[in-house]
Each structure stands twice: as structure tokens, then as C-alpha cells.
Amino acid sequence: MAKVLVLYYSTYGHVEQMAYAVAEGARETGAEVVVKRVPELVPEEVARQNHFKLDQAAPIATVAELADYDAIIFGTPTRYGNMASQMKQFIDQTGGLWMKGALVGKVGSVFTSTASQHGGQETTLTSFHTVLFHHGMVVVGLPYSFQGQAGVEAVKGNTPYGASTIADGDGSRQPSAVELEGARFQGRHVAGIAAKLA
Ligand SMILES: Cc1cc2nc3c(=O)[nH]c(=O)nc-3n(C[C@H](O)[C@H](O)[C@H](O)COP(=O)(O)O)c2cc1C
């Protein structure tokens, strides 16, 4: 049975919602799935003033525990087309794991959220993949066998590089049914591959 970690950062809850959908999909394969998040770096007072979603139930992950999983599925909102600094700060503490090759051969995958439709989903996902390659991970996206990413009938996220949602400038848009289905598909897909490799 594959052990899967869904590790996310979310300021306003969009990536958090996607994380639980990813986990749901991964669990459908019989995998043991844990959802955790990385620490917030913004002072609590500032976070409150800016309406951050502070009631997030997922426990905070430790860097060392990354080595305990067969697959890690990372979720981050975009920041100027890249991952959020909270996630980067966590990842930049993985030097010890890198030295030991602790993540080599594990499955790595990424999902994201942007405010606007063309606000950098693909660059956030593929630039995150670079980190996973440095760790020797087997990088997995969202294949086109998830047909929900085709078609132009509606504004929607999801890319071959990973599931995604669009939050709108004021964060009012919530992940749509097809975006959550993409997240579940990615979770299932990653967990299935991890089980084959384990
Ligand atoms: C500093 C900063 C930079 C951002 N850069 C982008 C961007 O380049 N493109 C975009 O579409 N949205 C951008 N956003 C919006 C966030 O990506 C959006 O709030 C997020 O996807 C919502 O996800 P969350 O609710 O999980 O935090 C930015 C937000 C902040 C605070």
C-alpha cells in the first residue's frame, strides 16, 4: 500500500480545498494518505488584517517526514508565476534529505491556484517540477485521460502539468466541480503510480 503525503500552502483556502480533493482521489486507490501543510510565515496580526484563512485543520509537516512517503503531492498558490514563499522556505530546508538522496525514486506531483486564468498556473507547476527533479523524484502531472481539462465551454483550471483552480482577483471564485475532479484524478493517478513503484 502506497503512503502518500499531500503537502500544501494556502492563504485563502482554494489550494486547501484542492488538497482534500487530491487526498480523496489518492485514497480511492487504497493508499494511506495524509494531508499536511507548511508553516505560515506572515505574522498572525498581518494575516488577520488581510483575511487569511487561519482555521486550517491540517497539521504542520516536518521536513524530515518527507522521507517516509512513497509519493508527495505539493499544492501551492501562485506568486508571480512561481510557488509561494512559504512553500519555498519549507523546501529550502530539504538540503539534508537531498544530501542523502532520501527522495530519489519517489513520486512527486504539483497542483496550484491562480487569481486569473492566465496568471501563471503552468509556470508555477513546471518551475516547481524543477525542484522535484533535483531531488530525483519521478514527476507526474495530470494526463489528458482526465478529459475535464479539454474543452473551452467554461472558464476552468487544470493543465497537463497538474490540477489547478482559478480564484479570481478577490478570491471569490471557489474551485469548480471539474477542477475538484481534476484534483481527485491527480491524487488517484499519483497514488496508482506510487503503488506500482513501491
Ligand atoms: C504576492 C502575490 C502574488 C500573486 N501573484 C499572482 C500571479 O502572478 N498570478 C495570479 O493569477 N495570481 C496571483 N496571486 C493571487 C493568488 O495566486 C491567489 O490569491 C491564490 O491562488 C488563491 O489561492 P489560496 O486561496 O489557496 O491562497 C498573487 C497573490 C499574492 C498575494
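Placement of Cβ uses the backbone N, Cα and C atoms for every residue, glycine included.
Taken from TrEMBL, the feature domain 'Flavodoxin-like' applies to 4-190. Per-residue confidence over the domain 'Flavodoxin-like' (4-190) averages 98 (mean pLDDT, predicted model).
A 10 Å cutoff on Cβ-Cβ distances gives His14 (FMN binding site) a total of 27 other Cβ atoms nearby, all chains included. DSSP assigns His14 (FMN binding site) to a helical segment in the three-state reduction. The FMN binding site annotation in TrEMBL covers Ser10, Thr11, Tyr12, Gly13, His14, Val15, Thr78, Arg79, Tyr80, His134.
For Tyr12 (FMN binding site), applying a Cβ distance below 8 Å and a minimum sequence separation of six or more within one chain yields His51, Phe52, Lys53, Pro77, Ala167, Gly171. Here TrEMBL flags Tyr12 as NAD(+) binding site.
For the recorded site, Trp98 (substrate binding site), the DSSP three-state label reads helix. Marked as substrate binding site by TrEMBL: Trp98.
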Of Ser10, Tyr12, His14, Trp98, binding-site residues neighbouring ligand 1, Cβ under 6 A: Ser10, Tyr12, His14
Greatest C-beta neighbour count within 10 angstroms, which of the binding-site residues Tyr80, Trp98: Trp98
Would you identify the secondary structure of Thr78 (FMN binding site) according to DSSP, in three states? strand
One finds that other Cβ atoms within 10 Å of the Cβ of Thr78 (FMN binding site) number exactly 24
